[in-house]
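The structure follows.
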């Protein structure tokens, strides 16, 4: 009995908490949702201005209870609202909503509700017609039924007088001002003759010329011209402005319910105000729209998320009610069956929203550290995409492989050891990216996609153009032979005809060839690749050749590996100087100069030499085409766990054929951490933590360092044990110095109020540490979530595991290595014993700490040993000179630290109060 009562109370609490709408509801689960809706609405309104009013009215007629019930179509066994008197043969815009839903289902399956689509589409319709915008609270769910009786009874008809209107709106919680403001929606749209005929022929408070003009299209006899249309605002019918109210002042309201707002009654002054003050109208209208959108929404686990807005997803009730393994199986089956072979730039928007930023930050740091790396990563992608071979892998589970852009080049051995690839580099950067992404999105992002995006970001990092990279490639389960690599990659000795043929075999045009060759505006080549050109060819600038010969002797085997820039003018800038060099016979490789040597591509070279924009556009187009060469998609290939090795046979067979194994893997993976862990169960958690931390740090900058240190002292085992009163808090490394408990307790209290016993104290600590760094100007990173809280603590472990400030370099290295961390110990903000650890910029998270170490200004012994003629000196120098390198390394190390032995799944508990274990 007590158990059942507890469940009932929890359900009530959850239901109450879930009733809050948030404008950030889809930020993680479907980040492209709002842009998709806006684009579709804008296009529809641009195509037909009236559609703006239709979508706004659709929301209004739904939102005398905002649950998308108005969208449900009648069936043989179901009667909805569409044929209720206020809606029949007049509501429209269903096709636009259906189109939006189809687009959203394509990128975020069963995530965005039809009710939210309606609410946002109404806002975007107003904006598209020049009206005001407002913030739309999101998180509504869709009804599983509809009521014609409610539609007939609740929606005010056009013949209502003022008293009836005030009551009808008042019954829904609206003020009289709200009612007048919402009526202003009639500044757009049209009405049918049957709804204003009586006003034209029987009322006296109507401008005579206005009435006469309308009568021409609205005959007096009932049944004659009933559906003929007239604009509700004849002055500016397709602009959302305040002209509607100006019309009322002149007795030019089309409907009876319009003109009663200005007819010697209580709302006259409001009409006058809105007529003379557009800003006042806009402000009142947006406030009323937000109130309307909040009328009795379904939230939390109420209702459903329809797959099709016009009908209920009946099976969903069963799945949601059971929450069983069968539900997971059905969901995974649906996802697998609907996977397409098409690439999409939004492929990871939901499954790994941080992927693109991780790749970009890592590539940028690598290129900033060594500009040549940009060219190396670009070449790595090129050499991956151009190598193709078809073969059947020799086991019964394998899929047919057609190697193109599939990361086969990253597999150890095989392609890497082919002659054209001896000089390929950048593997370590790709491996670093993969490690970071695996930490936040386990087995989700392919190495092939990482390569493709890294190539784009390398170009951007060196000042070149950007482009949208279609994603969704999968990784090969094998590699091409050395012979296949040699036959696929055009050598630098090829003639123009051979180059054109080689590129054409990959589906690339001669223009694509010239554009992609422009990648040689960055990077270097080895002497053995251009020796023959220097000493044997005549179409080379003499001074250019003489300068190169000094570092590239004529004798083969002598200086073979010596490097020269492919573009001697601006070797580290992605620009069009490469083509200008060709015009002057300064192409380094034979295959470069072939592009401008009295052949068919001369004019293209001239065009790119004179127009950087033309080159940038052509290069971006060709890169997309190259990235689309025979990718593996859908269930082909696999998502490697490590880019240099194929997953085990069991993993490969699971990916190729076994949905049941996928379910098992998904079940096991549920115990892993994920950045999206609370997206559904507590979507406001991250914003609550960020807001509280930012406020605390703004009030006292030192608090940023305190919260970061609190996480560090917990996370030599990340389970919030440090927050338990007594025990660890009294250990020597912590006693009388750890602080920030009040901030964590405050955050926990706020989160418990909206998501009872859902978010762990361990996760709050981890996120608070990240947000503290950001609040002080430092880098951000994606925090994997899902930790649970310990049920005990150990002062002895705190004492043995936390390195003291007297530790030597070797002791620090050993202490960090024990936890799987490399020996980087950044302390750029905060204080110890009330002296700043960084005296230069004590309250800014930057790299000044390392600069101080170079000057022997490390405050603690354990600080200065990092730069004291030891193994970490070069790392300190690098971080001192390169803030980006420090930020990237710090973010990576923080993720690693946050992953030290967390409790997940059913381990530990979710404490109700961070300072004590649940009873």
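Every residue gets a Cβ built from N, Cα and C, even glycine.
Quantities reported herein were computed from a predicted structural model and do not represent experimental measurements.
Pulled from TrEMBL, these are the listed features:
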ACT_SITE  61  active site, proton acceptor
BINDING   62, 65, 67, 69, 81  Ca(2+) 1 binding site
BINDING   156  substrate binding site
BINDING   186  heme b binding site
DOMAIN    20-313  domain 'Plant heme peroxidase family profile'
DOMAIN    342-647  domain 'Plant heme peroxidase family profile'
DOMAIN    672-918  domain 'Plant heme peroxidase family profile'
SITE      57  site 'Transition state stabilizer'
Looking only at the domain 'Plant heme peroxidase family profile' (342-647), what is the mean pLDDT?
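Computed over the domain 'Plant heme peroxidase family profile' (342-647), the mean pLDDT is 87 on the 0 to 100 scale.
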How big is the Cα-to-Cα gap, in Å, between residue 67 (Ca(2+) 1 binding site) and the residue listed as 'substrate binding site'?
19
Rounded to the nearest Å, what's the C-alpha distance separating residue 186 (heme b binding site) and residue 156 (substrate binding site)? Just drop the number here, would you?
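Between the alpha carbons of residue 186 (heme b binding site) and residue 156 (substrate binding site) there are 14 Å.
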At the level of the C-alpha atoms, what whole-angstrom distance separates residue 57 (site 'Transition state stabilizer') and residue 81 (Ca(2+) 1 binding site)?
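Cα of residue 57 (site 'Transition state stabilizer') to Cα of residue 81 (Ca(2+) 1 binding site) measures 14 Å after rounding.
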Do me a favour and check the Cα-Cα span between the residue listed as 'substrate binding site' and the residue listed as 'active site, proton acceptor'; whole Å is fine.
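Per the Cα atoms, the residue listed as 'substrate binding site' and the residue listed as 'active site, proton acceptor' stand 10 Å apart.
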Could you tally the C-beta atoms, other than its own, that fall within 10 angstroms of the C-beta of the residue listed as 'heme b binding site'?
24
In angstrom units, rounded to an integer, how far apart are the Cα atoms of residue 69 (Ca(2+) 1 binding site) and the residue listed as 'active site, proton acceptor'?
10
